[in-house]
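**Student:** As listed in TrEMBL for this protein:
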DOMAIN    39-326  domain 'Tryptophan synthase beta chain-like PALP'
MOD_RES   LYS59  N6-(pyridoxal phosphate)lysine
Amino acid sequence: MQPSPAMSQRQWVAAAIQKIEADFNRSADTHLIPMELPGYPGIDLYFKDESSHPTGSLKHRLARSLFLYALTNGWLRAGRPVIEASSGSTAISEAYFARLLGVPFIAVMPASTSPEKIAAIEFQGGRCHLVERACDLDSASHQLARETGGHFMDQFTYAERATDWRANNNIAESIFKQLAEEPHPIPDWIVCSPGTGGTSATLGRYVRYRRHATRILCADPEVSVFFDGYCRAVDGQCPKELAITGGSRIEGIGRPRVESSFIASCVDVMIKVPDALSLAAMRHVSATLGRRVGGSTGTNFVGVLHAARRMRDEGRQGSIVTILCDAGERYAHSYYDPAWYEARAIDVSDSDAAIALAVNGGDLPALPCAALE
């Protein structure tokens, strides 16, 4: 969307916001899909299927919020590029909105990102700038913004504040509206996993604002510092200086540092999930639903099993909601390729057996766990 010679910056911003709102008005809400948990009678499980967004993932909501936040703050300009540090899904969604507004988009992403995600970004008109080390994403993004005169969207800083957590059809409000006619309309648990931290912040703020008893469980993948940061925050320490090397093998979640958008006080319980267990859970959910899901959905499902076990041990019935973050087609050359597991020496059979046992009411392998209270 290029401005006419007579169009001011303020007019361009107004026209851009109108385009985003019109796009939202054309879109339906995402589905809430039930799935049985055989070993947990009286506990109802629902997946919030964010893969049905136009760009195929939960990050579509975030990208829309980030663009509106940047536009209303006066940070975007006609013809100037938008730059984002992303492991894939956020970049796909931001590329979609950049194309909608007619501005260039550059995704700064790890070289290990799946070919399917790179192709999806390019399909939306974006360009990919690959870096070898995940810890260099931010610095490379800032440098590109300086060189091009563009704007670094910085999802990891702004995710928790760009989303209107009170309403405006955020994911929390949508979940509760869709549960209204279910047997247990106020879920005992909502389970998510941290990428930016924005989703857990939105969920945690919303349930407190609405005075629901719902608790938020966050499941952190193996190569990530969020769990350690949460433990420090629970102990009253500052987690911000924590950092590790390497990137998460579960795309879209996990970070080598504690990001600004991760608000530990919005999370009631946090667990640490080995990658092998996440991917076994991914395979189980895919087989049960009859379609492939991504690895982060598997991490979430391990969190569901942890929450269900707690409910059963407490003698409680109720409901659990978790997020189906994206579809598995983006991972055909990784999570659904046996050679990928062999190259990384990731066990398949033992972890598959562990998930099957837990689904039927048995114990999960012991997982690191921390709680706010």
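The backbone N, Cα and C atoms fix where each Cβ goes, and this holds for glycine too.
Bear in mind that TrEMBL entries carry predicted annotations, made automatically and left uncurated.
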**Student:** What is the Cβ neighbour count of LYS59 (N6-(pyridoxal phosphate)lysine) at a 10 Å cut-off, with all protein chains included?
**Tutor:** 30
**Student:** May I ask you to report the DSSP-based helix, strand or coil state of LYS59 (N6-(pyridoxal phosphate)lysine)?
**Tutor:** helix
